[in-house]
Structures are given as C-alpha cells and as structure tokens.
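So the structure is just underneath, and the comments pick up after that.
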C-alpha cells in the first residue's frame with residue numbers, strides 16, 4: 001500500500017486591525033477563549049515541549065492579536081527540509097502543504113480529536129516542532145496516510161470561524177433554557193452558567209472562572225506590570241479594550257444607541273444588556289428558586305445571597321460580603337489600617353482609589369464634562385447623576401409609595417421613612433441614623449474635621465456636597481428651574497421642596513396627630529408641641 005506524507009505548516013496569520021475593529025466585544029472575547037482553550041488542548045496532546053505562538057502570548061497579556069499579523073508567509077528553510085528528509089518524514093513525492101492559521105488547526109484538533117483530526121481516519125497524526133531561528137518557532141503537523149489518497153481539504157480563512165451563519169441561523173441550542181447560538185463554542189461557554197462549572201483556577205488566589213480568557217484577564221491583577229492606567233483619573237484596568245471603553249467617559253463619547261428609546265452607551269455590551277429591558281429577556285435562571293435575571297452578575301449575586309456558605313463573613317462583627325475584596329476592605333475598619341496618605345494634608349485612606357479622588361480636592365481637577373451645560377466633575381459617577389437632571393431620568397422606584405429617585409442612596413434613605421428604622425448609632429451622642437453614610441457625616445461634627453476648603457473665601461466644610469452648594473453663592477449659579485413657575489434655585493433640594501407647593505405633597509406625617517408637612521424640619525418643629533404637652 002502506498003505511503004505519502006502530508007505536512008501542515010503553522011504560520012502567523014491573524015486579524016488585521018480593520019478586521020479586529022469590526023468584531024464586537026463579545027466576538028473578541030469568544031476569539032480569545034477559543035484561542036486559549038484550544039492551545040491548552042494542543043499542549044495536552046503534544047506535551048509541554050511545544051513552544052507558545054506569539055498570538056497566544058499577546059492574548060494572555062491582553063494585547064490585540066492583529067499586532068503580529070505578517071503580510072508574507074514564511075517558507076521552510078532548506079536546512080530544515082533536509083533534516084526532515086533525513087528522518088524519512090518528507091519524501092520528495094506526494095507531499096502536500098496546506099497553510100492554516102494557528103487557531104484553525106487548534107480548533108479542528110479540538111473538534112475532531114487527535115486521531116482523525118483535520119483529514120479523517122486514514123491518517124496517522126504526529127506533531128513535530130522545529131526552530132528555524134531564535135525569533136520564530138513553527139509547529140509541523142505531519143500526517144502519514146496508508147491509503148495513498150490525496151487528502152480532501154477545503155481551506156477556510158480565519159474569519160470564517162467567526163462569521164455569522166446565513167440568515168441569522170442559530171443551530172446550537174441550550175437544552176436547559178432554549179437559548180440558541182451561532183457558534184458551538186458559545187453554547188459550550190453558556191452551558192457552564194447552568195452547570196456552575198468553572199474549570200480555570202487562579203494559582204495565586206484560588207479564584208475560578210468559566211472561561212480561560214477571564215482567568216488570563218484576572219491574572220493580570222497579580223502581575224502589576226501588565227495593567228493599563230488611565231492618564232486622566234489613574235484608574236487601573238487589566239485589559240486595553242476596557243481602558244479604551246473607560247476613556248470614552250472622559251470625552252463623553254457614547255457611540256452605541258438604543259433604537260427603542262435613544263439612550264446611548266459607551267460600550268456595546270452595555271447596550272446589549274440595556275436592550276433586555278425592552279425585550280423582557282431574562283436568560284439567566286436560578287436553579288434553586290427559578291427566578292430569572294437579565295445579567296449573569298445578578299444571578300451570581302442572587303445565588304450567593306441564598307447560599308450562606310458562599311458569603312465572606314467578618315469574624316469581628318459578623319457582617320457578610322459577596323466577595324473577598326469587600327471583606328478585606330471592611331476588615332480595615334476594625335484594624336484602623338489606612339496605608340494611603342495624602343501628601344498635601346496628611347489624610348489617610350483605606351483604598352488607593354479613595355486617595356486618588358481626594359487629591360482632586362487639592363488639585364481642582366475635574367476630568368468629567370457635561371456636554372449639555374459644560375459643568376465639570378471630579379468623578380464619573382457625579383457626572384452620571386448630574387446628567388439625569390437634564391434627561392429627567394429617575395430609575396429608582398419606592399415600592400411603597402411609587403415615588404422615583406435619581407440616586408439609589410436617595411431611595412434607601414427615603415424607604416427609612418416608611419419603616420422608621422435607624423440602625424446606626426453615634427457612640428459620642430447616641431443619635432441614630434438610617435444610613436451608615438449619614439452616621440459618618442455626623443461623626444465629623446464631633447471630630448471637628450472640615451477637609452473641604454473654598455478657594456474663593458477660605459471657608460471650610462465637613463462635606464464635599466456642602467462645599468459644592470456653597471460655591472454657587474460665589475458664582476451666582478441657579479441651575480435648578482421649576483417647570484411650573486420658572487423660579488430658579490441654587491440647590492436641587494430647594495427645588496424639590498418648592499415643587500411640593502404646586503403638587504400639594506406633604507410626605508412628612510406626625511405619628512401623634514397625623515398632621516402632614518412639606519418639609520421634614522416643619523415636622524420636627526411641630527413635634528415639640530407634643531413633647532411640651
């Protein structure tokens with residue numbers, strides 16, 4: 001029976017920058033996952049002696065794979081060819097060369113297995129590695145056939161593995177929830193949500209992940225030299241694409257628009273999550289109680305709340321946290337550890353990010369601009385809250401009275417009116433508060449601390465919000481207009497109180513005589529009548 005040898009040459013073929021930019025964030029993550037997972041399969045087949053391709057190294061570092069695209073395909077050197085010929089591996093006749101990208105070869109190995117991978121059952125599979133020079137390593141996939149047949153092979157480009165199926169076809173369906181996918185690998189990753197499988201574990205901290213790319217991204221936290229820092233606000237990211245998405249928050253760029261409501265987003269993934277509000281899609285179901293969620297993060301949080309064993313509990317006070325980082329930060333409250341000092345005023349902080357934000361008080365830096373009115377902010381979150389003044393958005397609803405709020409903290413504070421609970425006591429004077437932040441603000445009265453100084457008149461304040469309110473006295477700014485009568489106010493709280501004149505709302509009710517008031521201070525003054533009686 002005739003013998004022939006088929007040689008596969010692994011060359012550095014990948015996406016161009018233009019092709020890479022056309023992929024969505026999800027498709028890029030999928031590409032990373034397939035590449036890294038298939039490489040691990042190849043190593044398990046061939047042994048750890050296999051040298052790592054450049055594209056795998058780049059993906060592990062969070063860099064873009066198009067950075068190593070080569071326009072020209074490399075050729076076998078005569079020296080290598082003679083070496084292989086001397087071993088009887090490369091006969092002059094019946095030798096066929098097929099050029100594949102690294103990840104297509106790996107992908108076919110994973111899908112079909114090593115014995116019949118790529119060409120079928122008639123071929124024996126062997127892997128040879130040879131180094132042409134000190135800069136580049138090739139993988140030789142040499143397969144001998146005993147049938148004398150020329151292999152049947154239809155070449156596909158790398159992009160074809162990730163192209164959408166015709167007419168939006170999604171042939172791969174999840175047996176648990178019915179969700180369908182265009183690519184089989186997407187289904188494999190999705191099924192791990194239902195099974196809870198997290199096969200990729202970090203050797204540094206033991207944290208486990210469903211996808212190999214997520215582990216690689218996480219490991220950069222331990223390797224500080226592979227982190228990406230924003231030059232504007234010093235925020236740290238483990239992936240360059242995350243940094244680029246974040247940088248849009250400084251310039252206000254939001255290129256992804258929702259066709260239903262017109263809301264715009266910085267990142268395509270945020271738009272995809274938002275669209276589920278309109279479609280009502282909740283693809284992530286809890287196997288314990290059947291409750292469904294729009295985001296997998298919400299499901300994970302829900303499952304941790306139901307499973308006491310998965311919580312991280314403080315041994316000092318018993319408070320539980322959903323993640324270990326939250327517990328570590330909380331533990332510093334008990335130890336008093338504040339390792340990050342401000343060089344200007346000496347104030348210390350538990351978290352480095354708190355120091356970065358605090359330093360902007362001294363520098364006056366406000367990197368976040370409102371495109372509507374030009375107002376600037378030191379924090380991106382403050383800009384988001386401010387923009388809701390222009391849009392009128394109030395996403396947080398009280399289930400008791402159907403009142404809406406711009407901030408979640410405002411909702412929580414408001415709900416305390418209904419339940420009357422004040423769990424946070426001041427050890428100095430015994431005064432109780434509904435919110436821990438209110439207690440913290442109150443305690444600065446006893447300490448006499450006033451870290452926020454007005455640059456105009458040198459007056460100091462306990463709270464940043466007090467300084468912001470005060471500064472409007474110097475500028476004369478009154479940004480809050482009443483839509484009923486046109487009256488303008490310096491403070492948003494003043495506008496809210498004023499609007500109750502038009503609406504007739506009196507939310508503060510006396511528990512003794514049921515009399516209602518527009519302002520809380522009016523209720524407090526009234527309650528003294530009953531105490532004097």
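Cβ atoms here come from the backbone N, Cα and C positions, even for glycine.
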From 75, 156, 220, the one Swiss-Prot labels asymmetric dimethylarginine:
75
Give the one range among 172-194, 284-306, 312-334, 368-390, 480-502 whose Cβ atoms make the most pairs under 8 Å with those of the zinc finger (228-250).
368-390
Grab the pLDDT values for the zinc finger (228-250) and give me their mean, rounded.
76
Which residues of the same chain, at least 6 past either end of the zinc finger (368-390), have a Cβ under 8 Å from a Cβ in it?
233, 249-250, 252, 357, 360-361, 406-407, 479-480, 492
How many of the residues that make up the zinc finger (256-278) does DSSP mark as helix, as strand and as coil?
11 helix, 4 strand, 8 coil
Dominant neighbour of the zinc finger (172-194) in 284-306, 396-418, 480-502, by Cβ pairs under 8 Å:
284-306
Residues of the zinc finger (424-446) by DSSP state, where helix covers H, G and I:
11 helix, 4 strand, 8 coil
